[in-house]
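What follows is a set of notes on a single structure, which appears directly below.
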Amino acid sequence: MSNYYYYYGGGRYDWLKTVEPTNFLKIGLPYQAHPLHLQHQATTPPSILEKFKRAEILLNEVKAEMDPLMLQPETEKKLYQILGSIDMFKGLRKKVEFTYNAQIVTNAWLKMYELLNTMNFNNTSQAFCNCELPGGFISAINHFNHTMMHYPSFNWVASSLYPSSETDALEDHYGLYQCNPDNWLMQSPLLKKNMDYNNGDVTIASNVKNLALRATQRLTPIHLYTADGGINVGHDYNKQEELNLKLHFGQALTGLLSLSKGGNMILKHYTLNHAFTLSLICVFSHFFEELYITKPTSSRPTNSETYIVGKNRLRLFTPKEEQVLLKRLEFFNDTPLVDLSLYQNLLESVYFAVETIHLKQQIEFLNFGMKCYRHFYNKIKLLNEYLAPKKKIFQDRWRVLNKLYVLEKKHKLKLCAPLQGSVA
(Lines of atoms letter the chains of each structure in order from A and count residues from 1; the text may use other names and numbers.)
(Lines give C-alpha, C1' and ligand atoms only; values in the text may rest on other atoms or scores of the structure.)
Protein backbone atom coordinates (compact mmCIF):
# COMPACT_ATOMS: atom_id res chain seq x y z
CA MET A 1 0.00 0.00 0.00
CA SER A 2 1.28 3.47 -0.79
CA ASN A 3 0.61 6.72 1.05
CA TYR A 4 -1.63 8.66 -1.30
CA TYR A 5 -4.23 11.01 0.13
CA TYR A 6 -7.41 12.08 -1.61
CA TYR A 7 -9.71 15.04 -1.23
CA TYR A 8 -13.23 15.26 -2.56
CA GLY A 9 -15.72 18.03 -1.89
CA GLY A 10 -13.55 19.28 0.95
CA GLY A 11 -13.50 15.92 2.73
CA ARG A 12 -10.37 13.94 3.42
CA TYR A 13 -10.11 10.15 3.01
CA ASP A 14 -6.64 9.84 4.46
CA TRP A 15 -7.13 6.09 4.94
CA LEU A 16 -7.91 5.57 1.27
CA LYS A 17 -4.59 4.41 -0.06
CA THR A 18 -4.54 2.98 -3.52
CA VAL A 19 -3.92 -0.74 -3.54
CA GLU A 20 -0.58 -0.80 -5.21
CA PRO A 21 0.01 -4.21 -6.74
CA THR A 22 2.85 -6.12 -5.20
CA ASN A 23 5.62 -7.43 -7.35
CA PHE A 24 5.35 -10.92 -8.79
CA LEU A 25 5.67 -13.12 -5.69
CA LYS A 26 8.00 -16.10 -6.08
CA ILE A 27 9.16 -18.27 -3.20
CA GLY A 28 11.71 -20.97 -4.01
CA LEU A 29 11.54 -24.44 -2.44
CA PRO A 30 14.58 -26.70 -1.93
CA TYR A 31 15.10 -29.76 -4.12
CA GLN A 32 14.97 -33.05 -2.20
CA ALA A 33 17.79 -35.42 -3.10
CA HIS A 34 16.84 -38.14 -0.62
CA PRO A 35 14.72 -41.09 -1.85
CA LEU A 36 10.97 -40.57 -2.22
CA HIS A 37 9.00 -42.89 0.08
CA LEU A 38 5.31 -42.75 -0.80
CA GLN A 39 2.83 -44.07 1.74
CA HIS A 40 -0.80 -45.07 1.48
CA GLN A 41 -1.63 -43.27 4.73
CA ALA A 42 1.30 -41.38 6.15
CA THR A 43 1.06 -40.03 9.67
CA THR A 44 2.42 -36.64 10.65
CA PRO A 45 3.23 -35.24 14.11
CA PRO A 46 0.62 -32.54 14.89
CA SER A 47 3.36 -30.08 15.84
CA ILE A 48 4.49 -29.86 12.20
CA LEU A 49 1.05 -28.66 11.12
CA GLU A 50 0.32 -26.26 13.99
CA LYS A 51 1.44 -23.06 12.30
CA PHE A 52 -0.35 -23.98 9.08
CA LYS A 53 -3.56 -24.55 11.03
CA ARG A 54 -3.12 -21.18 12.74
CA ALA A 55 -2.62 -19.53 9.37
CA GLU A 56 -5.81 -21.11 8.10
CA ILE A 57 -7.76 -19.87 11.13
CA LEU A 58 -6.41 -16.32 10.82
CA LEU A 59 -7.29 -16.06 7.15
CA ASN A 60 -10.73 -17.60 7.65
CA GLU A 61 -11.51 -15.12 10.42
CA VAL A 62 -10.96 -12.26 7.98
CA LYS A 63 -12.93 -13.98 5.22
CA ALA A 64 -15.77 -14.57 7.69
CA GLU A 65 -16.40 -10.82 7.92
CA MET A 66 -17.74 -11.01 4.37
CA ASP A 67 -19.99 -14.03 4.99
CA PRO A 68 -23.08 -12.06 6.14
CA LEU A 69 -22.86 -9.92 3.01
CA MET A 70 -23.11 -13.03 0.84
CA LEU A 71 -26.53 -13.91 2.26
CA GLN A 72 -28.43 -11.06 0.60
CA PRO A 73 -28.33 -10.48 -3.19
CA GLU A 74 -28.04 -6.70 -2.86
CA THR A 75 -25.17 -6.67 -0.36
CA GLU A 76 -23.40 -9.46 -2.23
CA LYS A 77 -23.63 -7.46 -5.45
CA LYS A 78 -22.30 -4.33 -3.74
CA LEU A 79 -19.40 -6.25 -2.22
CA TYR A 80 -18.32 -7.64 -5.59
CA GLN A 81 -18.61 -4.17 -7.12
CA ILE A 82 -16.33 -2.77 -4.43
CA LEU A 83 -13.80 -5.58 -4.83
CA GLY A 84 -13.90 -4.98 -8.57
CA SER A 85 -13.22 -1.29 -8.03
CA ILE A 86 -10.07 -1.93 -6.00
CA ASP A 87 -8.79 -4.43 -8.59
CA MET A 88 -5.93 -2.48 -10.15
CA PHE A 89 -6.06 -4.61 -13.31
CA LYS A 90 -9.74 -4.23 -14.09
CA GLY A 91 -9.99 -3.06 -17.69
CA LEU A 92 -6.57 -4.37 -18.71
CA ARG A 93 -7.92 -7.37 -20.59
CA LYS A 94 -9.71 -5.26 -23.16
CA LYS A 95 -6.62 -3.10 -23.67
CA VAL A 96 -4.43 -6.15 -24.25
CA GLU A 97 -6.94 -7.69 -26.63
CA PHE A 98 -7.23 -4.70 -28.92
CA THR A 99 -3.74 -3.22 -28.61
CA TYR A 100 -1.79 -6.44 -29.18
CA ASN A 101 -4.18 -8.44 -31.37
CA ALA A 102 -4.49 -10.95 -28.54
CA GLN A 103 -7.11 -13.69 -28.31
CA ILE A 104 -9.19 -15.08 -25.44
CA VAL A 105 -7.85 -12.46 -23.05
CA THR A 106 -9.28 -13.67 -19.77
CA ASN A 107 -7.78 -13.26 -16.31
CA ALA A 108 -6.16 -16.65 -16.95
CA TRP A 109 -4.47 -15.18 -20.05
CA LEU A 110 -2.91 -12.36 -18.03
CA LYS A 111 -1.63 -14.70 -15.33
CA MET A 112 -0.15 -17.20 -17.77
CA TYR A 113 1.57 -14.51 -19.82
CA GLU A 114 3.05 -13.06 -16.65
CA LEU A 115 4.24 -16.49 -15.51
CA LEU A 116 5.88 -17.18 -18.88
CA ASN A 117 7.57 -13.79 -18.94
CA THR A 118 8.83 -14.02 -15.35
CA MET A 119 9.84 -17.66 -14.91
CA ASN A 120 12.26 -17.93 -17.86
CA PHE A 121 11.34 -21.44 -18.98
CA ASN A 122 13.82 -23.17 -21.26
CA ASN A 123 11.20 -24.33 -23.79
CA THR A 124 7.44 -23.83 -24.18
CA SER A 125 7.01 -24.82 -27.83
CA GLN A 126 5.00 -27.98 -27.06
CA ALA A 127 2.37 -27.83 -24.33
CA PHE A 128 -0.34 -29.93 -22.68
CA CYS A 129 -2.91 -27.63 -21.07
CA ASN A 130 -5.32 -29.38 -18.71
CA CYS A 131 -8.56 -28.09 -17.14
CA GLU A 132 -8.21 -25.53 -19.90
CA LEU A 133 -11.45 -24.22 -21.40
CA PRO A 134 -12.27 -21.59 -22.50
CA GLY A 135 -8.59 -21.46 -23.54
CA GLY A 136 -6.88 -18.49 -21.91
CA PHE A 137 -3.69 -20.39 -21.07
CA ILE A 138 -3.29 -21.80 -24.59
CA SER A 139 -3.84 -18.38 -26.12
CA ALA A 140 -1.33 -16.71 -23.79
CA ILE A 141 1.30 -19.38 -24.53
CA ASN A 142 0.67 -19.01 -28.25
CA HIS A 143 1.04 -15.22 -28.02
CA PHE A 144 4.21 -15.45 -25.94
CA ASN A 145 5.81 -18.13 -28.11
CA HIS A 146 5.29 -16.20 -31.35
CA THR A 147 6.02 -12.65 -30.13
CA MET A 148 8.78 -13.33 -27.59
CA MET A 149 10.34 -16.72 -28.34
CA HIS A 150 9.79 -16.71 -32.12
CA TYR A 151 9.33 -20.47 -32.32
CA PRO A 152 8.46 -21.57 -35.88
CA SER A 153 5.37 -23.33 -34.51
CA PHE A 154 3.40 -23.93 -31.33
CA ASN A 155 2.10 -27.46 -30.85
CA TRP A 156 -0.48 -28.17 -28.17
CA VAL A 157 -2.97 -30.64 -26.79
CA ALA A 158 -5.56 -29.88 -24.15
CA SER A 159 -8.34 -31.28 -22.04
CA SER A 160 -11.24 -30.04 -19.94
CA LEU A 161 -14.16 -31.61 -18.14
CA TYR A 162 -16.88 -32.48 -20.64
CA PRO A 163 -20.33 -32.04 -19.02
CA SER A 164 -22.07 -35.33 -18.30
CA SER A 165 -25.48 -33.93 -19.22
CA GLU A 166 -26.33 -32.99 -22.79
CA THR A 167 -28.20 -29.98 -21.38
CA ASP A 168 -25.00 -28.55 -19.86
CA ALA A 169 -22.93 -26.44 -22.22
CA LEU A 170 -19.24 -27.07 -22.74
CA GLU A 171 -17.46 -23.86 -21.76
CA ASP A 172 -16.20 -23.34 -25.30
CA HIS A 173 -17.06 -19.64 -25.37
CA TYR A 174 -14.55 -18.80 -28.10
CA GLY A 175 -14.83 -21.93 -30.25
CA LEU A 176 -11.30 -23.18 -29.49
CA TYR A 177 -12.57 -26.72 -28.98
CA GLN A 178 -15.05 -26.63 -31.85
CA CYS A 179 -12.46 -25.42 -34.34
CA ASN A 180 -9.54 -27.59 -33.15
CA PRO A 181 -11.10 -30.96 -32.20
CA ASP A 182 -7.94 -32.94 -32.96
CA ASN A 183 -6.05 -31.02 -30.26
CA TRP A 184 -8.45 -32.05 -27.50
CA LEU A 185 -8.19 -35.25 -25.50
CA MET A 186 -11.60 -35.46 -23.77
CA GLN A 187 -14.74 -36.80 -25.40
CA SER A 188 -18.45 -36.08 -25.52
CA PRO A 189 -20.84 -38.24 -23.41
CA LEU A 190 -22.27 -39.39 -26.74
CA LEU A 191 -19.18 -41.59 -27.04
CA LYS A 192 -19.68 -43.37 -23.71
CA LYS A 193 -19.96 -46.72 -25.49
CA ASN A 194 -16.33 -46.47 -26.58
CA MET A 195 -13.95 -48.67 -24.63
CA ASP A 196 -11.58 -45.79 -23.86
CA TYR A 197 -14.19 -43.05 -23.29
CA ASN A 198 -12.75 -40.15 -21.31
CA ASN A 199 -14.74 -37.07 -20.27
CA GLY A 200 -11.68 -35.25 -18.92
CA ASP A 201 -12.56 -35.66 -15.23
CA VAL A 202 -9.16 -35.78 -13.51
CA THR A 203 -10.61 -37.02 -10.23
CA ILE A 204 -11.00 -40.44 -11.90
CA ALA A 205 -7.77 -42.46 -11.88
CA SER A 206 -8.46 -44.30 -15.15
CA ASN A 207 -9.11 -40.96 -16.87
CA VAL A 208 -5.82 -39.54 -15.58
CA LYS A 209 -3.80 -42.49 -16.86
CA ASN A 210 -5.62 -42.41 -20.20
CA LEU A 211 -5.24 -38.64 -20.65
CA ALA A 212 -1.50 -38.89 -20.04
CA LEU A 213 -1.27 -41.72 -22.58
CA ARG A 214 -3.24 -39.79 -25.19
CA ALA A 215 -1.19 -36.66 -24.62
CA THR A 216 2.15 -38.42 -25.08
CA GLN A 217 0.89 -40.31 -28.13
CA ARG A 218 -0.11 -37.08 -29.84
CA LEU A 219 2.68 -34.81 -28.62
CA THR A 220 6.26 -35.77 -27.79
CA PRO A 221 8.15 -34.33 -26.06
CA ILE A 222 5.88 -32.27 -23.81
CA HIS A 223 7.89 -29.23 -22.69
CA LEU A 224 5.16 -27.51 -20.66
CA TYR A 225 2.24 -28.85 -18.64
CA THR A 226 -0.35 -26.49 -17.19
CA ALA A 227 -3.50 -27.11 -15.15
CA ASP A 228 -5.95 -24.43 -14.06
CA GLY A 229 -8.63 -26.55 -12.40
CA GLY A 230 -10.80 -25.36 -9.57
CA ILE A 231 -14.18 -26.40 -8.17
CA ASN A 232 -16.77 -23.70 -7.61
CA VAL A 233 -17.25 -23.73 -3.85
CA GLY A 234 -20.09 -21.22 -3.84
CA HIS A 235 -19.72 -19.04 -0.77
CA ASP A 236 -17.81 -21.65 1.23
CA TYR A 237 -14.37 -20.12 0.66
CA ASN A 238 -13.12 -21.35 4.04
CA LYS A 239 -13.11 -24.89 2.62
CA GLN A 240 -11.76 -24.00 -0.81
CA GLU A 241 -8.48 -25.88 -0.40
CA GLU A 242 -10.11 -28.93 1.19
CA LEU A 243 -12.84 -29.22 -1.46
CA ASN A 244 -10.26 -29.03 -4.26
CA LEU A 245 -7.78 -31.58 -2.85
CA LYS A 246 -8.76 -34.46 -5.10
CA LEU A 247 -9.05 -32.31 -8.22
CA HIS A 248 -5.66 -30.71 -7.65
CA PHE A 249 -4.10 -34.10 -6.99
CA GLY A 250 -5.59 -35.46 -10.21
CA GLN A 251 -4.42 -32.57 -12.36
CA ALA A 252 -0.93 -32.79 -10.84
CA LEU A 253 -0.75 -36.53 -11.38
CA THR A 254 -1.79 -36.14 -15.02
CA GLY A 255 1.09 -33.75 -15.49
CA LEU A 256 3.66 -35.93 -13.79
CA LEU A 257 2.56 -38.89 -15.93
CA SER A 258 2.89 -36.95 -19.19
CA LEU A 259 5.54 -34.23 -18.81
CA SER A 260 8.89 -35.06 -20.43
CA LYS A 261 12.28 -34.86 -18.73
CA GLY A 262 13.50 -31.29 -18.87
CA GLY A 263 9.91 -30.05 -18.99
CA ASN A 264 8.16 -27.41 -16.90
CA MET A 265 4.92 -27.47 -14.93
CA ILE A 266 2.40 -24.81 -13.78
CA LEU A 267 -0.38 -25.88 -11.39
CA LYS A 268 -3.15 -23.82 -9.85
CA HIS A 269 -3.70 -24.13 -6.11
CA TYR A 270 -5.36 -22.05 -3.41
CA THR A 271 -4.22 -21.92 0.22
CA LEU A 272 -1.42 -24.30 1.20
CA ASN A 273 -2.28 -25.37 4.73
CA HIS A 274 -3.74 -28.87 4.45
CA ALA A 275 -1.44 -31.80 5.23
CA PHE A 276 -2.27 -33.45 1.91
CA THR A 277 -1.41 -30.30 -0.07
CA LEU A 278 1.88 -30.00 1.80
CA SER A 279 2.72 -33.63 1.07
CA LEU A 280 1.96 -33.14 -2.62
CA ILE A 281 4.40 -30.23 -2.73
CA CYS A 282 6.96 -32.50 -1.06
CA VAL A 283 6.45 -35.03 -3.85
CA PHE A 284 7.02 -32.32 -6.48
CA SER A 285 10.33 -31.43 -4.82
CA HIS A 286 11.79 -34.80 -5.87
CA PHE A 287 11.14 -34.26 -9.57
CA PHE A 288 12.15 -30.68 -10.46
CA GLU A 289 15.47 -28.91 -10.31
CA GLU A 290 13.64 -25.74 -9.30
CA LEU A 291 10.28 -25.50 -7.53
CA TYR A 292 8.39 -22.31 -6.67
CA ILE A 293 5.18 -21.10 -5.10
CA THR A 294 4.06 -18.00 -7.01
CA LYS A 295 1.41 -15.32 -7.03
CA PRO A 296 1.31 -13.33 -10.29
CA THR A 297 0.65 -9.61 -9.98
CA SER A 298 -2.45 -10.05 -12.15
CA SER A 299 -3.89 -12.66 -9.78
CA ARG A 300 -6.41 -10.77 -7.65
CA PRO A 301 -4.83 -10.14 -4.24
CA THR A 302 -8.15 -10.64 -2.44
CA ASN A 303 -8.29 -14.31 -3.47
CA SER A 304 -6.28 -17.29 -2.23
CA GLU A 305 -5.07 -18.39 -5.64
CA THR A 306 -1.45 -19.54 -5.99
CA TYR A 307 0.50 -21.24 -8.77
CA ILE A 308 3.08 -23.95 -8.13
CA VAL A 309 5.81 -23.90 -10.76
CA GLY A 310 8.29 -26.69 -11.46
CA LYS A 311 11.26 -26.06 -13.76
CA ASN A 312 13.42 -28.66 -15.49
CA ARG A 313 11.99 -32.06 -14.65
CA LEU A 314 14.85 -34.33 -13.60
CA ARG A 315 13.32 -37.79 -13.68
CA LEU A 316 10.17 -39.74 -14.49
CA PHE A 317 8.07 -41.94 -12.22
CA THR A 318 9.20 -45.41 -11.31
CA PRO A 319 6.50 -48.06 -11.97
CA LYS A 320 5.98 -48.37 -8.21
CA GLU A 321 5.51 -44.61 -7.74
CA GLU A 322 2.99 -44.49 -10.57
CA GLN A 323 1.08 -47.43 -9.12
CA VAL A 324 0.92 -45.98 -5.59
CA LEU A 325 -0.21 -42.53 -6.74
CA LEU A 326 -2.87 -43.81 -9.12
CA LYS A 327 -4.20 -46.10 -6.40
CA ARG A 328 -4.36 -43.18 -3.96
CA LEU A 329 -6.42 -41.19 -6.47
CA GLU A 330 -8.73 -44.14 -7.10
CA PHE A 331 -9.30 -44.73 -3.38
CA PHE A 332 -8.75 -41.16 -2.30
CA ASN A 333 -8.12 -40.13 1.27
CA ASP A 334 -6.60 -36.85 2.39
CA THR A 335 -3.86 -38.17 4.66
CA PRO A 336 -0.33 -37.13 3.60
CA LEU A 337 1.44 -38.93 0.76
CA VAL A 338 4.77 -38.83 2.62
CA ASP A 339 6.10 -38.46 6.13
CA LEU A 340 6.19 -34.67 6.48
CA SER A 341 8.72 -34.84 9.30
CA LEU A 342 11.35 -35.62 6.63
CA TYR A 343 10.70 -32.30 4.87
CA GLN A 344 10.92 -29.69 7.59
CA ASN A 345 13.31 -27.42 5.66
CA LEU A 346 10.97 -27.43 2.68
CA LEU A 347 7.93 -26.80 4.89
CA GLU A 348 9.64 -23.73 6.34
CA SER A 349 9.83 -22.32 2.82
CA VAL A 350 6.19 -23.22 2.15
CA TYR A 351 5.16 -21.46 5.35
CA PHE A 352 7.08 -18.37 4.31
CA ALA A 353 4.99 -18.40 1.11
CA VAL A 354 1.81 -18.76 3.19
CA GLU A 355 2.85 -15.79 5.32
CA THR A 356 3.77 -13.66 2.33
CA ILE A 357 0.81 -14.41 0.08
CA HIS A 358 -2.07 -15.10 2.45
CA LEU A 359 -1.33 -13.77 5.94
CA LYS A 360 0.11 -10.50 4.69
CA GLN A 361 -1.04 -9.64 1.19
CA GLN A 362 -4.46 -11.29 1.07
CA ILE A 363 -5.53 -10.25 4.57
CA GLU A 364 -4.38 -6.68 3.96
CA PHE A 365 -6.41 -6.44 0.76
CA LEU A 366 -9.48 -8.12 2.26
CA ASN A 367 -9.46 -5.63 5.13
CA PHE A 368 -9.03 -2.78 2.68
CA GLY A 369 -11.95 -4.10 0.64
CA MET A 370 -14.21 -4.25 3.69
CA LYS A 371 -13.30 -0.71 4.68
CA CYS A 372 -14.10 0.47 1.16
CA TYR A 373 -17.41 -1.38 1.39
CA ARG A 374 -18.36 0.43 4.59
CA HIS A 375 -17.39 3.90 3.31
CA PHE A 376 -18.37 3.62 -0.36
CA TYR A 377 -21.45 1.38 -0.28
CA ASN A 378 -23.49 4.01 -2.13
CA LYS A 379 -20.53 5.87 -3.66
CA ILE A 380 -18.91 3.31 -5.95
CA LYS A 381 -18.64 5.84 -8.77
CA LEU A 382 -16.66 8.12 -6.47
CA LEU A 383 -14.35 5.26 -5.47
CA ASN A 384 -13.72 4.49 -9.13
CA GLU A 385 -12.86 8.14 -9.79
CA TYR A 386 -10.31 8.14 -7.00
CA LEU A 387 -8.59 5.01 -8.21
CA ALA A 388 -8.73 5.54 -12.00
CA PRO A 389 -5.43 7.47 -12.36
CA LYS A 390 -3.49 4.89 -10.38
CA LYS A 391 -5.05 2.00 -12.28
CA LYS A 392 -3.76 3.46 -15.53
CA ILE A 393 -0.24 3.79 -14.12
CA PHE A 394 -0.21 0.21 -12.83
CA GLN A 395 -1.65 -1.26 -16.01
CA ASP A 396 0.80 0.62 -18.22
CA ARG A 397 3.64 -0.59 -16.00
CA TRP A 398 2.39 -4.19 -16.25
CA ARG A 399 2.36 -4.00 -20.04
CA VAL A 400 5.93 -2.69 -20.11
CA LEU A 401 7.27 -5.22 -17.59
CA ASN A 402 5.69 -8.11 -19.44
CA LYS A 403 7.01 -7.07 -22.86
CA LEU A 404 3.81 -7.30 -24.85
CA TYR A 405 4.01 -7.19 -28.63
CA VAL A 406 1.43 -7.44 -31.40
CA LEU A 407 0.60 -10.97 -32.54
CA GLU A 408 0.74 -11.36 -36.31
CA LYS A 409 -2.47 -12.53 -37.91
CA LYS A 410 -0.79 -15.63 -39.36
CA HIS A 411 0.03 -16.85 -35.83
CA LYS A 412 -3.46 -16.48 -34.40
CA LEU A 413 -5.31 -19.53 -33.11
CA LYS A 414 -8.23 -20.78 -35.14
CA LEU A 415 -11.48 -19.84 -33.39
CA CYS A 416 -14.95 -20.69 -34.64
CA ALA A 417 -16.88 -18.18 -32.58
CA PRO A 418 -16.38 -14.44 -33.04
CA LEU A 419 -13.97 -13.14 -30.43
CA GLN A 420 -16.12 -11.16 -28.05
CA GLY A 421 -14.74 -8.19 -26.20
CA SER A 422 -13.55 -9.17 -22.75
CA VAL A 423 -15.76 -8.17 -19.88
CA ALA A 424 -13.61 -6.15 -17.55
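Residue positions begin at 1 at the first shown residue.
Any Cβ shown, glycine's included, is placed from N, Cα and C.
If you look up Swiss-Prot, you'll see Lys268 marked as active site, proton acceptor. As annotated by Swiss-Prot, S-adenosyl-L-methionine binding site applies to Gly135, Asp228. The domain 'Adrift-type SAM-dependent 2'-O-MTase' annotation in Swiss-Prot covers 103-315.
Rounded to a whole number, the C-alpha distance linking Asp228 (S-adenosyl-L-methionine binding site) with Lys268 (active site, proton acceptor) is 5 angstrom. In this structure the C-alpha atoms belonging to the residue listed as 'active site, proton acceptor' and Gly135 (S-adenosyl-L-methionine binding site) are separated by 15 Å.
DSSP assigns Lys268 (active site, proton acceptor) to a strand. Residues within less than 8 Å, Cβ to Cβ, of Gly135 (S-adenosyl-L-methionine binding site) and separated from it by at least 6 positions along the same chain comprise Ile104, Ala158, Tyr174, Leu176, Tyr177, Leu413. A 10 Å cutoff on Cβ-Cβ distances gives Lys268 (active site, proton acceptor) a total of 22 other Cβ atoms nearby, all chains included.
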